[in-house]
Amino acid sequence: MGFEISTVVSKLQTLSTSDHASVVSMNLFVALLCGCIVLGHLLEENRWMNESITALLIGVCTGIVILLFSGGKSSHILVFSEDLFFIYLLPPIIFNAGFQVKKKQFFVNFMTIMLFGAIGTLISCTIITLGATQIFKRLDVGPLELGDFLAIGAIFAATDSVCTLQVLNQDETPLLYSLVFGEGVVNDATSVVLFNAIQSFDLNQIDPSIAGHFLGNFLYLFIASTMLGVLTGLLSAYIIKKLYIGRHSTDREVALMMLMAYLSYMLAELSYLSGILTVFFCGIVMSHYTWHNVTESSRITTKHSFATLSFVAEIFIFLYVGMDALDIEKWKFVSDSPGTSVATSSVLLGLILLGRAAFVFPLSFLSNLAKKSPNEKISFRQQVIIWWAGLMRGAVSIALAYNQFTMSGHTSLRSNAIMITSTITVVLFSTVVFGLLTKPLIRLLLPHTPHHKESSITIITDPSTPSLKSVTIPLLGSAQESEVDIDGHDIHRPSSIRALLTTPTHTVHRLWRKFDDAFMRPVFGGRGFVPVEPGSPTERNGHQWR
């Protein structure tokens, strides 16, 4: 009996110690997050730094301190978890990107964005895969199979859209911001879809039809993920419009929007689809319909809540990655051959540079062929900035690498350890070096940005988008093809197939607006539906717009 009591007491003491360690770790991590926010604010006007690089460097420095205090045993207070990243941290970032996106600028540049984000990712993945297959065998990296090389292509084709957007300014470079932003989101989704598609095939039995199956699976995942996000967003709009939940509680409106957005992501993951694409398009639909169906107080609450959650998650990711980069367990396996690890990282960086150049410049040329006016075309200097700004790799690459080359965060194979450490090296180098040099490169290539041809834009407030500030609408077209013109009736209507092909964006936009006004908004609400805030003079007078 005494033995059993002592055993229980011992277990309770162990549990208490474990809980205390977790509390200490979380306190330290929250303190570091606060430090990142304060330091990021102080460096706001710095021409070199941004908050992602600041958080990454703070994470690395903290890892070094922990490594010294632990006697070289550990460098982190939390272990990087793929599930934590994909299930909890990534959804609010991608959803807010869709929720805050200026829909008109996104869809005006949609064809170019899709060229870069989808076709460009496939080209980059192919080049990285072929290059790694040929070079890694000579470097004696280890026994890597065809599936590993294909996975490497998908891993390093994923750009870091979070860091990319922090080094571009929407007011100074609106066109670049629009293109790189849209490409980054589509690129991340494409890389994850591509990665999942690779894993779903048995690559040991290759036959001529596998390419067709692969393409079909890829298109299915892409289209199904997008439709799931759209349907979930429409469902939330319909429920809130019909029930008008804000009549009794604005808290319920906000909670329902948040939960249904997260539900769309989890449904996609449960259905083996791309949660990134699903939650992104769910955000777009919610901002177009659902956001206009709630009360004014809920609108203010939701736009700031989503932005805050996304902001904290971004800093958390970079801080997390910075500390985990010095995990001693990963580096022990490559300590006997540091030259191989350095060579592998260098080759991957070279392939990333080559892979991105292989699609940015040719696809920009194709995009320019469809542009009638010279002012509409993407200049060579802009192409260089688009190429450079998309070279950064981040947490998506690390998470995919963990998925492919580790089990539960650990690896005991030399080849896998080399790939993990090389991925971390590429992420740190590309984020810091490429990130630091992006702003100076923009100033060098576009020294007079406010007077540059790209600045032929119209600054308006888009009431259909829950933006946190005035909206700057960048277009590929000139000033006379502004947002106001698109919404008006002064645009020349295409009289032939050729004319239609030269102005497809304007035509599609006009047709969509007619369809939206006639069929979608009467059912799902949106701009024009004005719910009455409880207790407002409008409600007392009995007026309500439907």
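Glycine is no exception: its Cβ is also placed from the backbone N, Cα and C atoms.
Owing to the predicted nature of the structure, the values given are computational and were not obtained by experimental measurement.
According to TrEMBL, the domain 'Cation/H+ exchanger transmembrane' annotation covers 30-442.
Among the features that TrEMBL reports, transmembrane segment is placed at 20-40 (among others). Long-range neighbours of the transmembrane segment (20-40) within the same chain, counting only residues 6 or more positions beyond its ends whose Cβ lies under 8 Å from a Cβ of the stretch, are 50-51, 54-55, 58-59, 62, 77-78, 312, 315-316, 319.
Nonlocal intrachain contacts for the transmembrane segment (52-71), taken as residues 6+ away from its ends with a CB within less than 8 angstroms of a stretch CB, comprise 32, 35-36, 39-40, 43, 77, 162-163, 166, 314-315, 318-326, 328, 394, 428, 431-432, 435-436. Residues or ranges marked as transmembrane segment in TrEMBL: 52-71 (among others).
Same-chain residues lying 6+ beyond the ends of the transmembrane segment (77-99) with a Cβ under 8 Å from its Cβ atoms: 25, 28-29, 66, 161-162, 181, 185, 188, 261-262, 265-266, 269, 275-276, 279-284, 286-287, 291, 303, 306-307, 309-310, 313-314, 316-317, 320-321, 323-324, 327, 395-396, 398-399, 402-403, 409, 466. Annotation source TrEMBL lists transmembrane segment at 77-99 (among others).
The transmembrane segment feature in TrEMBL is assigned to 106-129 (among others). With a cut-off of 8 Å between Cβ atoms, the residues of this chain six or more beyond the transmembrane segment (106-129) that come close are 149-150, 152-154, 156-158, 175, 178-179, 182-187, 189-191, 194, 222, 284, 348, 351-352, 354-356, 358-360, 363, 366-367, 370, 378, 386, 474-477, 504-505, 509.
Residues 118, 189-190, 193-194, 196-197, 246, 253, 256-257, 260-261, 263-264, 267-268, 271-286, 288-290, 293-294, 523-526 of the same chain lie 6 or more positions beyond the ends of the transmembrane segment (218-240) yet place their CB under 8 Å from a CB of it. According to TrEMBL, the transmembrane segment annotation covers 218-240 (among others).
Proximity of distant same-chain residues to the transmembrane segment (306-323), defined by a Cβ-Cβ separation under 8 Å and at least 6 residues beyond the stretch ends, is recorded for 29, 32-33, 36-37, 40, 51-53, 55-63, 66, 75-78, 80, 85, 88-90, 92-93, 95-97, 99-100, 162-163, 258, 394-395, 398, 424, 427-428, 431, 468. TrEMBL lists 306-323 (among others) with the feature transmembrane segment.
Here TrEMBL flags 343-363 (among others) as transmembrane segment. Below 8 angstroms of C-beta separation, residues 112, 115-116, 119-120, 123-125, 127-128, 131-132, 135-136, 139, 141, 152, 156-157, 383, 386-387, 390-391, 393, 418-419, 421-423, 425-426, 429-430 of the same chain, each at least six residues beyond the ends of the transmembrane segment (343-363), sit close to that stretch.
Marked as transmembrane segment by TrEMBL: 384-405 (among others).
Positions annotated as transmembrane segment by TrEMBL: 417-437 (among others).
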